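Here's the structure, in C-alpha cells; my notes come after.
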Amino acid sequence: MAYALQQLINGLTLGAVYGLIAIGYTMVYGIIGMINFAHGDIFMVSAFIAVTAFTLLAAFDITSLPLALTAVLITAIFFTSAYGWAVERMAYRPLRGSTRLAPLISAIGMSIFLQNMVQLTQGARVKPIPPVIEGGIELWRTADFTVQVSWTQIMIVLVTVVLMVAFTWLITQTAFGRQQRACEQDSTMTALLGINVDRTISATFMLGAALAAVAGVMVTVYYGVVDFFIGFVAGIKAFTAAVLGGIGSLPGAMLGGLIIGLIEAFWAAYLSPEYKDVATFAILILVLMFRPSGLLGRPEVEKV
Amino acid sequence: MSATLLSVENLTMRFGGLTAIDDLSVSVPAGKITAIIGPNGAGKTTFFNCLTGFYKPTVGSVRLAHPKKGEMRLETMTGHRVARDAQVVRTFQNIRLFPKMTVLENLIVAQHNFLQEASRFSIAGIFRLSGYRKAESEALKTAAHWLERLGLTDIADVAAGDLPYGTQRRIEIARALCVDPVLLCLDEPAAGLNPRESAELNTLLLSLCREEGIAILLIEHDMSVVMNVSDHICVLNYGRKIAEGTPEEIRNDPQVIKAYLGEDDEETASGEKAA
C-alpha cells in the first residue's frame, strides 16, 4: 500500500511533465494540423539552457534558491520560445500550402538537426548538475517502506497545475485565445476578418515551446542530468499522451500526460522497469486502433 | 452617380488555359448597392476572390478609394491586410462561421485588431488594464449593436454551429459588419433562405446602405433580391462583362436575356421572323 502510494506520487510528477510537453503537440496540431516532431527536441534544448543557466549562476555565486530558479526559468522560457519561433519560421512556414506530408518530414529533419547540434556543441556525454533542491517530506512510514515526497516533486506538480489553469484561462478568456481558437476552426476566414494568421501560428509555437521550457527546467532539477537524446523519448511519450487524450484537445493533453505518467510509474514498479517504454507505446498503438479520436477528442471538445 | 469607391480595371484571371475573368472593368459607387449577376461559372466568385486577396489577378488593377486612408491597391494586398487595412470584408457562399464559438464570440473575433491595438502585445489584455477594459466594453457594445440590428440578441450565447441555416447567414453578415467595413462583399447571401427570410434580407441590405452608408457588393442568383435592392447591376458571362446598368435596364437587355435563357442566334432570328 505504501509502495503503491509512492508510485502514485512518482507517476503524478512524471505525468505533469508529459502533460506540459503534450500541450505543445496538441496546440500545434490544432492550429495547423501537423505533428511537430521537433517539439521533444525543443524540450531537450530547454534542459540544456537550464543546465547552462544553473552553471552560470553557480559561477557567479548566486545561491538563493528562489532567485536562481526564477532566473533559470525566465532564461529558459525566453530562449526556448525563440527556438520555437525560429523552427516554425524556417522549417514549417515556407512549406505552408504544400502537401500535408512536407512539414511532417521537415519536422523530423528539424528534430535530427537539433539533436546533432546539441551533441556537437555540448558533447555527447551526460551533463550533471549539483542537486538544486534537497529533501522532502516523509508522508508515511511503515515497517519496511517509507513514502517520501520530495520538494522537487511538490514543485513540479504545483507549477504544472498553476500553468495549466493559467493556460486554460488564456485560451478560453483572452483576446489572444479567441484569435487562436478562430484560426484553429477556420484559418482562411480568420484572415479575411483581418487577423494575422501567421503571427498567431508563431505565437502558438512560442507558447508550446515556453511550456516545454518549464518542463525542461523541472526535469533538469528532478533528475539532475541531461543529455542530447532526452528529447526523443520524452517527446514521443508526450506525443502518445496527446494522442491518448485526443490530439487537438487541451484538457485531453493534460489528462493523457497524467495517465501515461502513472502507467509508466506503476509498470516500472510492479512489472518490469526495462519494459516501461513498451507499455507506453503499446498504449499508443491500442489507442490508434480502437479509439483514434482519443479520450476527450470528441468534436464538441474545445480545441486549441 | 455618386463617387466611385472601388474601380476595377482590365482585370484578368487565368488558371492555366482557362480564363475565368477576361478584361473586366467595373466601378462600384460609394454608399450604393452593386450586384454582380451572371450564370453559373461566369466568374463571379473568382471576381470576389481577386478583390479579397485570395487570388492574385493575372493582369489588371483593383483600386479602392478609402474614405479615410486614400487610394489602396487591393490586388497587391494579401490575406488579412484586405480586411484589416482596406476594410473590405466578404462572406462566403457556403457559410464559414466559427462553429464552436458562441455567436457573440464570433462577433468579437471580428474586432480582434481593435482589441489587439488596445491590448499592446497582449500585455494590457492579460493584466486587464483600464485601457484594454474600455476597448473590450466598446467591442461588446459594437457586437450588441449588430446583434440587435440583425435580431440575434436572444441567441448571443449559443454555439454558432448549432443554429439554423438562415440564422447563420445573418450571423455571418453581423460578423462582417463588426470589422467596420467600407465595402461589404456578400457572396449569395440569399442562398438557402426562404421567401420571408430573403425579404428580411432586402430590408437589411437597404438599411445598411441608406442608414450606415456602407457600400455593398452583392453576388446573387435570387432575382427578387437583386432587382429590389440594387442601385447598379453588372452582368458577367464567361468572365466578361456583357451589360451594366440599373435594374430596369438590365431586365430589358437582350444580351442578358440571351445569356440567361441560353437562346442561340439562329433561334432568336427565326423567332423574330415568325413573330
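Our numbering is plain: 1 for the first residue shown, then up by one each step along the chain.
Using the three backbone atoms N, Cα and C, a Cβ is placed for every residue, glycine included.
Over in TrEMBL, the protein carries these features:
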TRANSMEM  A:12-35  transmembrane segment
TRANSMEM  A:42-60  transmembrane segment
TRANSMEM  A:66-87  transmembrane segment
TRANSMEM  A:150-171  transmembrane segment
TRANSMEM  A:203-223  transmembrane segment
TRANSMEM  A:278-297  transmembrane segment
Worksheet item: Which range out of A:42-60, A:150-171, A:203-223, A:278-297 gives the transmembrane segment (A:12-35) the most CB pairs under 8 Å?
Response: A:203-223
Worksheet item: Would you call the transmembrane segment (A:66-87) and the transmembrane segment (A:278-297) in contact, using three or more Cβ pairs under 8 Å, pairs 6 or more apart in sequence?
Response: no
Worksheet item: In the same chain, who gets a Cβ under 8 Å from the transmembrane segment (A:42-60) while lying at least 6 residues past its ends?
Response: 21, 24, 68, 71-72, 75-76, 79-80, 83-84, 87, 114-115, 118, 122, 127, 129-130, 132, 208-209, 212-213, 215-217, 219-221, 226, 228-232, 234-235, 238
